[in-house]
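Participant: This is the structure, below, for whatever I ask next.
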Amino acid sequence: MAILPIRIVGDPVLHEPTETVSESPAELSELIADMYDTMDAANGVGLAANQVGIPLRLFVYDCPDVDETGKPFRRRGCVVNPVLETSERPETMPDPDDDVEGCLSVPGEQFPTGRAEWAKVTGTDADGNAVEIEGRDFFARMLQHEVGHLDGFLYVDMLVGRNARAAKKTIKRAGWGVPGLSWVPGTVEDPFGHDD
């Protein structure tokens, strides 16, 4: 298995809708394993195929959640050809503390992002079996974030007001927003500080 370079905002593969997956589970197995390795090395909670330069409609996740009693646990899996359904997205400004979101393709940065409280994704898993996953709060945020990647946009594309202006300045200051930039987890310091 391999850790793959993660494309940075501005790379064309991140800004175009991905292609429907027609490959068999066997043909996808190495890519999916590499995506898990890459996500784990980056301490991510989700990773879309186009973030590693592959314009296919699939993502992997390893995301914290809470059960109905409030007990924390992790949900890990893969969804191929996901279809997203959500509750209504709030029209108010996102909370600067509760709605902060980050992205491995905008390394080290976080901005308040408005998301629906509930989301459900249907598709198939890594073995080709039908799958339906749903969640609330942070897990719902992750589902919306990853499907957004597959639809050709990043979370910074949906920011509003001062958050959009701040993201634009940050991207410009970092020299991002151009094709060909990437980073390889494990070869540089964790941009989100998980190495500390």
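Here the Cβ of each residue, glycine as well, is placed from N, Cα and C on the backbone.
Sharing the feature lines straight out of Swiss-Prot:
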{"type": "ACT_SITE", "residues": "Glu146", "note": "active site"}
{"type": "BINDING", "residues": "Cys103, His145, His149", "note": "Fe cation binding site"}
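Please go over these features one by one and say how buried each is and what sits next to it.
Facilitator: Reduced to three states, the DSSP call for Glu146 (active site) is helix. For Glu146 (active site), the same-chain residues 6+ apart in sequence whose C-beta sits under 8 angstroms from its C-beta are Gly46, Leu47, Ala48, Phe59, Tyr61, Val79, Pro82.
A coil conformation is recorded for Cys103 (Fe cation binding site) in the three-state DSSP classification, outside any helix or strand. Neighbour count (other Cβ atoms within 10 Å of the Cβ, all protein chains): 26 for Cys103 (Fe cation binding site).
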Participant: Using a Cβ-Cβ cut-off under 8 angstroms and a sequence gap of six or more, which residues of the chain neighbour His149 (Fe cation binding site)?
Facilitator: Leu14, Thr18, Ala48, Asn50, Gln51, Phe59, Ser105
Participant: Neighbours of the Fe cation site Cys103, His145, His149: Cβ within 8 Å of the Cβ centroid, same chain, sequence order.
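Facilitator: Going along the sequence, the neighbours come out as Gly46, Ala48, Gln51, Leu104, Ser105, Glu146, Gly148, Leu154, Tyr155.
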